[in-house]
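Pulled from Swiss-Prot:
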ACT_SITE  Ser101  active site, nucleophile
ACT_SITE  His126  active site
Amino acid sequence: MPIGTPSVPYRLPGSQYERWVDIYTRLGVERILFLGQEVNDGIANSLVAQMLYLDSDDNTKPIYLYINSPGGSVTAGLAIYDTIKYVKSDVVTICVGLAASMGAFLLGAGTKGKRVALPHSRIMIHQPLGGTSQRQASDIEIEAREILRIKDMLNHSMSDMTGQSFEKIEKDTDRDYFLSAEEAKNYGLIDRVISHPSEAS
């Protein structure tokens with residue numbers, strides 16, 4: 001039996017009545033966003049819109065982005081990444097569970113000093129995936145060049161995020177490279193391992 005999105009009571013400011021809203025709407029009021037699935041265009045558009053709204057509402061307060069994601073679409077992930085860098089608000093990234101592939105990239109994209117993970121989080125980095133079906137050789141060649149260009153761009157960005165050399169990032173991401181929360185901190189992908197909400201910002 002599938003579990004639906006939980007609802008919680010919420011009282012609008014100035015109202016004496018509570019109404020039931022879904023948990024993600026309620027968390028959004030507190031500037032808490034959640035990436036808890038594979039990264040795709042739909043979730044990217046939703047997160048981009050929410051970050052832009054929260055930033056325009058009050059860019060002096062941080063936005064909290066909780067991540068428990070196996071990764072997903074590179075182009076969708078880059079839309080989220082660019083928005084994290086675009087908004088004036090600090091973006092606190094918090095790994096709960098797994099941040100793999102594009103999930104790990106977004107974890108590292110948070111505001112420096114405000115990228116954290118819970119103690120039993122797992123982080124995995126690797127090169128972007130690309131596949132071809134039955135297509136013309138010239139199309140396959142074009143796609144391969146684009147994948148290599150994206151790989152190079154992601155590795156340079158990861159190098160900037162972590163302080164690791166481009167060559168080390170290139171070597172480590174050649175295959176799946178798993179890190180514990182503490183290892184991710186030592187690697188420079190996050191800044192702290194936390195066990196209490198007060199440690200997040």
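Glycine is no exception: its Cβ is also placed from the backbone N, Cα and C atoms.
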Neighbour-count leader, CB within 10 A, active-site residues: Ser101, His126: Ser101
Euclidean distance between Cα atoms of Ser101 (active site, nucleophile) and the residue listed as 'active site', Å: 6
